[in-house]
Structures are given as structure tokens and as C-alpha cells.
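Lifted from Swiss-Prot, the feature list:
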DISULFID  Cys48-Cys76  disulfide bond
DISULFID  Cys64-Cys90  disulfide bond
CARBOHYD  Asn38  N-linked glycosylation site
CARBOHYD  Asn49  N-linked glycosylation site
CARBOHYD  Asn57  N-linked glycosylation site
CARBOHYD  Asn72  N-linked glycosylation site
CARBOHYD  Asn75  N-linked glycosylation site
CARBOHYD  Asn131  N-linked glycosylation site
SIGNAL    1-18  signal peptide
Amino acid sequence: MALWLTVVIAFTCIGGLASPVPTPSPKALKELIEELVNITQNQKAPLCNGSMVWSINLTTSMYCAARESLINITNCSVIQRTQRMLNALCPHKLSAKVSSEHVRDTKIEVTQFIKTLLQHSRNVFHYRSFNWSKKS
């Protein structure tokens, strides 16, 4: 009996480690894309006074990395809604000391960052939409 219980607990733990990272709903991802499109569409002046943010690797923890990169941008009402959306999409809570998964070696303008995030979000949405439709 004890051996059986140990096996069940072991499989439960391994299953938890192997389970995929929670993914946002298609609706949440679509709303983020719409917001990013709104930001980039009618932009004439430099976004957020030309503020610079750390470039990130969007292939891992995209929403958390994007949130972390934009966290220090203040007094820029244009991206506040995006920051809130990224905060909701990231399953990890911000700690007092933010530690990054990416190497902080390249800074880019917020405008370029938002455009890159938009393109990557669209790719993720289309890829997931294709896979969701195949499962149906």
C-alpha cells in the first residue's frame, strides 16, 4: 500500500513538472493584439517620448518578459492598458526585485518594442488558431 501511494505521488509530481505553461485564452490574446494595433496605427510622434526598453527574447515567457521590460515606463498613458493586459496574461507575480530571464544588453525604443510584440503576438495567435481548429 505504501509503495502504491509513493508511486501515485511520484507520478503526480512528475505530471505537474511536465505540464505545459498556462496559455492565455484566444480572446485575451486577441484583445492584446487589438490594443497593440491601436497603439501603432495612429502614431506620429515618438511613443512615450522615445523611451528605451530592454530587448527581450519573445520565445520564452513572452508576456512576463514584455511586462518586465515595460515596467519602468511611467508617465506614458498610451501603454498603460497594454501594461495591465500583460500583467493579467503573466501567471507570475512581480517581486520587489525583478529578475530577468533575458540578457540585458540591447535597448530599443518603445515603438519598436511594441511593433515586435505585435508581430510575435499575431504569429502566436495564428499558430494557436490553426492548432485549435485542427483539434475541433
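Here the Cβ of each residue, glycine as well, is placed from N, Cα and C on the backbone.
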To the nearest whole angstrom, state the Cα distance for the pair Asn75 (N-linked glycosylation site) and Asn38 (N-linked glycosylation site).
-> 18
Which has the fewest other CB atoms in a 10 Å radius around its CB: Asn57, Asn72, Asn75, the listed glycosylation sites?
-> Asn75
What's the CA-CA gap between Cys76 (disulfide bond) and Cys90 (disulfide bond) in angstrom, rounded?
-> 21
Counting other CB atoms within 10 A of each CB, which of the disulfide-bonded residues Cys48, Cys64, Cys76 comes out lowest?
-> Cys76
In Å, rounded, how far does the Cα of Cys48 (disulfide bond) sit from the Cα of Asn57 (N-linked glycosylation site)?
-> 22
Check each residue in the chain of Cys90 (disulfide bond) that is at least six apart in sequence and keep those whose C-beta is under 8 Å from its C-beta; list them in sequence order.
-> Ser61, Tyr63, Cys64, Arg67
If you measure from the Cα of Asn72 (N-linked glycosylation site), which of the glycosylation sites Asn38, Asn49, Asn57 is the nearest?
-> Asn49
Close in space but at least six residues away in sequence, with Cβ under 8 Å from that of Asn49 (N-linked glycosylation site), the same-chain residues are Cys76
Within 10 Å of the Cβ of Asn38 (N-linked glycosylation site), how many other Cβ atoms can you find? Include all protein chains, please.
-> 13
What's the CA-CA gap between Asn38 (N-linked glycosylation site) and Asn57 (N-linked glycosylation site) in angstrom, rounded?
-> 23
